[in-house]
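Below is one structure, written out as structure tokens; the observations come after it.
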Amino acid sequence: MAMRVRRLDADTNTTFFYASILIMFVSCGLYNFCFKRRIQAQLLAQQQAAQEQVYRQDVIASDQSMENLWACDVCDFKNYDGHKTCILCGTERDFTLYGKVPSKRTAAVEDGNKAATAGLSPTNFVLMNDSTPRTIKKNRNFAKLRLNNLNIRQKGARRRHDWVRNVDEQSGNIVWGRNRDILDHKVLKRIVVKDSLPPLADDGDFDLPMLRDSVSSVSSVGSIASVGYVSKMVMTPRHPDGRMSFETAEGQTAFQTVNPTVFSSAELKDVSQLSFQQKHAWFVQYTSTMEVPWEYGHMLLEIDRANLLHNSCEQLLWATHDQLHQSLRIKFLNEPGVDAGGLEREWFTLMTEEIFDERTGLFGACMDNAYMIRATSSEASEDHLMYFQAIGRFIGRGLFEGMLLDAHLALPLYKHILGTPITFSDLEFIDVELYNNLKWLKQNKGVESLCLDFSVNVAQYDKVPLTIDLCPNGRHIAVTDDNKDEYIYLRFKWIMMTSISPQLASLIKGIYSVIPLEMLSVFDHQELELLMCGIPDVNVDDWKAHTTYIGNECDPQVIEWFWEVVTGFSTEQRARLLQFTTGSARVPVQGFKTLTMNDGRICLFAIQGIRKEECLYPRAHTCFNRLDLPMYSSKKDLETALTMVIKMEVTGFTIE
């Protein structure tokens, strides 16, 4: 009996021993798990706190990538090394506009040409010898083929070099002038670089050296001969608030400084010659100094979704100068969402959609999905000019905060905003059919047979077209070979300026009330479009490189699937995913490293892993650029879920 008791005691001791060991292991595991999570939470909090102390202007100013840029051969825009295509014109990085990559036999010739043509002037060129017709034909056909194959986006970017700012020798002012290094097709086909004619290649063709340094800014046919015009805001007793004037560009002042003690013309000219990335850093630095500190007040817009455009424009027009530079907060009526950035981005997106909706009647679509002011906008509302001024303030706020417009203006509108010279070739970006018809009219005789007169018919909503005279009694003046040049000019002026002058004046006045003209004038028209609209294509590599991951639930395999799915998405699908997760379908001009909250603090894109039991589909927190991603068991399930959420029209916010 006693022996049995001792055995029971031994068994009990053994059980107790192993139980103690098990408890110790479990305790260590739990402690380690909790401690690890606490440490991770602390590190994440420190990381987020560090990010919250960094602002957009700080990241842009310290961007080391500016030192490693490549130049596009079509538009000469300087791109970050990580971009495979030019963000301005979309041209592939390895595309060369002039000639093949030089062979060994022409390498030495090219090296000499680069040095000789660095400061190109007309004296660097001579007419081809008439005894070399084969050479003339080869050079002409090659140049015409390359230039004619440029798409509308490439043409617009290429023409940004047609006009330059020069110092007037007499007045000392900085004025507009033609870029004398630009060569027209018709000139190019009869010239070569002096002493640089390359030898024949083995196949009998010319192995043309790249003439990038010499003729990198060749424009389209006719652009050199055309006259440039600039739009200027002038004050008159009849128009105390200003009206638009259309004046010949040659010799016009290139920089209009409202406050010369802040920006001198010389400083603006120096900045305008920097790369876009450096200009942008300069611009952001100055706009950040214009911002009114939060403790001095902020501007709150209370918006009714059912009356969004009118409600928003009304409050923007009421805003004082100081309020236009305060931090902005959005509150949608009867909704609990608190704006930490996501509401403002949603409001910006919804406003853009309504402004450029054809049914609104203020803008109309033209070439390449861009928008031009409607000449008949007064039919949309008697207060259409007030709307245009408010829209100008809306665009100005976007530039001020770095909010991106998910729509493109027609190229001439960017030129109007900047006061950059406009030429006849710019008509191609509004109405290519009219552009070609007027070109034909210019180049051919016998126009009397077309029965044209000096008037235009303007379409009206549900009404008979309205006939407008281009000159006094114009509908009774026939277009002839003798007066067709005047007709072409008046028709061009009507489209570019006369028909939209009041609307344009209001729009520009609204923009300048937020961002002074001199701060915008350092950009060319294509750079302004990039500044307003951001990068059109989503670079997945850049997105992935500037993404943070939150929580222990993030399975590396699921994260890998996520990026594979995003890489396989179309351009539109990527934009919609970006819209879903950040509230904007556009990428900031400096890339994903400059994603921010609404107060300008850096807030990188983040993925937080969650259990499927917690949420079946991905969930977005646009205020913080964060995506809650369920840990799916297969790539197919993940792709199905992502595809579904980006197809949904998600609006509205909760308090979560």
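The backbone N, Cα and C atoms fix where each Cβ goes, and this holds for glycine too.
Caution: TrEMBL annotation is automatic and unverified by curators.
Small disclaimer: the values here were computed from a predicted structure and weren't measured.
Noted in TrEMBL for the protein shown:
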TRANSMEM  15-34  transmembrane segment
DOMAIN    66-95  domain 'RanBP2-type'
DOMAIN    320-656  domain 'HECT'
ACT_SITE  Cys623  active site, glycyl thioester intermediate
Across the domain 'RanBP2-type' (66-95), DSSP labelling yields 2 helix, 8 strand, 20 coil
So how many other Cβ atoms are close to Cys623 (active site, glycyl thioester intermediate), meaning within 10 Å of its Cβ? 21
Overall pLDDT of the domain 'HECT' (320-656), taken as the mean: 89
Under DSSP, is the residue listed as 'active site, glycyl thioester intermediate' helix, strand or coil? helix
